[in-house]
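Scroll down for the structure; my scribbles are underneath it.
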Amino acid sequence: MGWLGSVIVIILTCILGIVWYFVHLIAQGFTSQYKDEQDFVSDQLRGLLGVEDIQPSSYRPTVEPQYLSGIVDLIETSIGGLWLAQFLYMILLLFLFFLAVDIWFIDYPFSFMFNAIIGAITVMLFAYYVTTTNSKSLTRALIQSQFSKEESFGYMYSCGFAIASLLFSLLFGMYVLMYYFNVAVWGGNMKKQEYEKVSILMIGYLMGVILGGFVYREGISIMCRSLKTASFGLIRADLNLSVGNNNISQLTRLAYMVSQQAGNTIVNFLDTGFVLLFLCCAISQIVINSPEILDSENRSAFILGPIYLICIGYLGFIICYFLKTICADQETGSFASLNVRWQVIIAAVISFIVHVSFPFSFLVDKFTLKGENTKDIDFSGKSSMHACWCYLLGLIFNVFHISIFEWFTSHGCPNVRNMGLATSDRILPMNLIFSNYLGDLYSAIPTVLMFLLITIVYSIEGFAGLLFTASGYVSLFIIYGVIFFIGSNSSDSYKLTCFAHFISDVQGKIFQIYWETKNYMIFLKATNAGTAFLVSIGIIGAQLYQYPTALNSLFLQNEGFLGLFIGFSLIFVCRGINTWGIINVAKNYFIFQPSDEAEGKLNYLKDIRIIEFTKFKYTHSILYVAYNILFVTIMTLVFGSILGHAGSVAILIGACIAVLLIQYNGLIKGTTLENSRVYNEIQDNRKDQHYLMYVSGDTYACATEESNACPLIPYLIYIFCLLISCQKHFAKAVK
């Protein structure tokens, strides 16, 4: 009954998460009395915005609430208009993958593709609902802020918690459903051979999620980064985003707002989903090598262990939800940051209690991992408490890591402030040189800590311990996701107040939340990067157990050295193609010139040019995603076939090490430049004019942080899925 109890908990928690999201969606105010979003926003803002709140300007529209709601409606329509194109691109990508890869390199092409289609549909549903929630929440934070910062902060927290609930409920719910479906249809007696097929099919589900993510995440990412990069050339500071600025066309400002809305939440939340499913598939891969686990009646409980732990943690994090504003607003500048810190502390304590009280012996008390024609790795003398220690070490190191990342990149750090002041004083190269220095220096500390963690965990529980550690490392992702959403939503809402050029107490409250929470948005990104590396090393261990390749002799062969080089090269070329795509899309940004039409008039906002422009730029961006997918697929299949299993494992090792180094360096360098720009804006606003020097720094930040660091997670997982799914074909080709 033990395994059945864990499955029931998972199912009920996933249902709770989905219900929580839709209850929140209904509670946002989408009632039938409003014909559309524009009417709702106009009605809600009518009492909020008065003539005394509007900054005087010759461009001020006649009816401010209707004008502002028109802007919001146009932004939402522009983003929502991409849905059909994204769906068609996803269908095309799945079809091409089936023709070019699935039927030639994978042993179970049709069942593998069926799982991939389910995974792609899951991503499509999540992307649709997140985009809807994100766009609807653009003005709700402003409406709530008329009461207090607590109301606005609490509303954004509720949105973030609802999206995080939908993320794990939808992805995990479908994963569990497909797992039991594959076991029932293809599992047979669940011996090693049958279960190996089931584990490959679950990688098929992850492959579908990644392929869908290329369309719904990567296309949006390149489009939004290019729009931001080009727009910064004219929008020198947030206050210059307003309609009264004659240097910028209306279309440019709308494109900038579209890039803000579309590119923040969906990108980083999907990265989290990729990492979580990657962890689940890695555990399915490593248990193939343990006869004790495969023969145990608690086999499913062990395989679904990370999902079970996250579900139990989610029930505990509901406590965090009711304590979201534990620190009341005392009109201080640290209201939001205090609540964020308390959220992390409370969540860490809850996660600690869950890990300590979790009955690890209930899974499999003792087990061995036996490789093919290699020395057996025996853990029979280890107690189940070692798994618990691995979980706790992952949790503790995660808290240390995010604290280091936050301090090294926040605008409270003296080096970040100095960088901002240097660029403000017209020292053009200083921001680039300084950011490279900080990225190289500060990324060394979390990298050393990560390798220290791996060394400790491997000595305790081997490669299996790395997967237990990854579960603990990512256990706070729900709270980090909430914090990220608060920073993203407050940023978008603040820029909307600048767009509408009204200065009021509302704008001040939103800016304070944005200023404080922006530092903590790196929590989610750093956690995704670290977890992906831990899972990568664990799944490499599963490959070493499963095939006759010893780790200590891997690089004594030519295949090992060449594979390591290929793995490094794949990741660096992926980064280069992303950066190349952003530069080219930004160079063709043809709306720099101001419009001759009357700025700010309502009939001008009804122009559909921004909608068509967004579709065109998305199509342009998806072309570079196709270049990347094509390059990675061809190189992986060619060299996998040539080098065989030993070379494939070396490719995995090279790729995961390259991703760790690039991501940590890129996150620190890019986030430092972003936060120094925010600090610099405040300094510049105290002077007679706005300087142009920091524009290049923020443009560089867009390319560094988003193009070099974040997009590497889906490509890394794609390489792993491709090599593992085709491993038998590679082995046959070498023979």
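Note that Cβ sites are derived from N, Cα and C of the backbone, with glycine treated the same way.
It should be emphasised that the depicted structure is a prediction, and the values quoted were computed from it without experimental measurement.
Residues or ranges marked as transmembrane segment by TrEMBL: 6-27 (among others). Nonlocal intrachain contacts for the transmembrane segment (6-27), taken as residues 6+ away from its ends with a CB within less than 8 angstroms of a stretch CB, comprise 129, 132-133, 158-159, 161-163, 165-166, 168-170, 172-173, 176, 300-301, 304, 307-308, 311-312, 314-315.
Annotation comment: TrEMBL describes 87-106 (among others) as transmembrane segment.
With a threshold of 8 Å between CB atoms, the same-chain residues lying at least 6 positions outside the transmembrane segment (112-131) that come near it are 21, 25, 79-80, 83, 86-87, 90, 94, 97-98, 102, 106, 163, 166-167, 170-171, 174, 178, 182, 200-202, 204-213, 216-217, 262, 265-266, 269-270, 273, 725. Residues annotated as transmembrane segment in TrEMBL: 112-131 (among others).
The annotation transmembrane segment is assigned in TrEMBL to 266-288 (among others).
Per TrEMBL, the feature transmembrane segment maps to 344-364 (among others).
A Cβ distance under 8 Å defines the sequence-distant neighbours of the transmembrane segment (384-408), meaning residues of its chain 6+ beyond its ends; these are 309, 344, 348, 351-352, 355-356, 358, 360-361, 363-366, 415, 438, 442, 445-446, 449-450, 453, 456-457, 460-461, 465-466, 468-476, 480, 519-520, 522-523, 526-527, 530, 534, 667-668, 671-672. Annotation source TrEMBL lists transmembrane segment at 384-408 (among others).
Within the chain, the transmembrane segment (441-460) has long-range Cβ neighbours (under 8 A, six or more residues past its boundaries) at 382, 386, 389-390, 393-394, 397, 400-401, 404-405, 408, 466, 468-469, 526, 530, 533-534, 537, 660-661, 664-665, 667-669. What TrEMBL records for 441-460 (among others) is transmembrane segment.
Look at TrEMBL and you will find 466-486 (among others) tagged as transmembrane segment. Panel annotation: around the transmembrane segment (466-486), residues 153, 156-157, 159-161, 163-165, 167-168, 265, 268-269, 272, 275-276, 279, 282-283, 286, 305-306, 309-310, 313-314, 317, 320, 336, 340, 343-344, 347-348, 351, 354-355, 387, 390-395, 397-398, 402, 453-454, 457-458, 513, 517, 520-521, 523-525, 527, 530-531, 534-535, 537-538, 541 of the same chain, lying at least six beyond its termini, place a Cβ under 8 Å from a Cβ of the stretch.
If you look up TrEMBL, you'll see 522-541 (among others) marked as transmembrane segment. If one looks beyond the transmembrane segment (522-541) by at least 6 residues along the same chain, the residues whose Cβ comes under 8 Å of a Cβ in the stretch are 268, 271-272, 274-275, 278-279, 281-282, 285-286, 344, 394, 398, 401-402, 405-406, 409, 446, 450, 453-454, 462-464, 466-467, 469-470, 473-474, 476-477, 480-481, 483-484, 649, 652-653, 655-656, 659-660, 663-664, 667, 671, 709-710, 713, 716-717, 720, 724.
For the transmembrane segment (561-583), same-chain residues at least 6 beyond its ends with a Cβ under 8 Å from one of its own Cβ atoms are 222, 225-226, 229, 555, 621, 623-625, 627-628, 631-632, 635-636, 639, 643, 646-659, 662, 702-703, 706-708, 711-712, 715-716, 719. Marked as transmembrane segment by TrEMBL: 561-583 (among others).
What TrEMBL records for 622-643 (among others) is transmembrane segment.
If you look up TrEMBL, you'll see 649-667 (among others) marked as transmembrane segment.
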- Top stretch among 87-106, 266-288, 622-643 for CB pairs under 8 A with the transmembrane segment (649-667)? 622-643
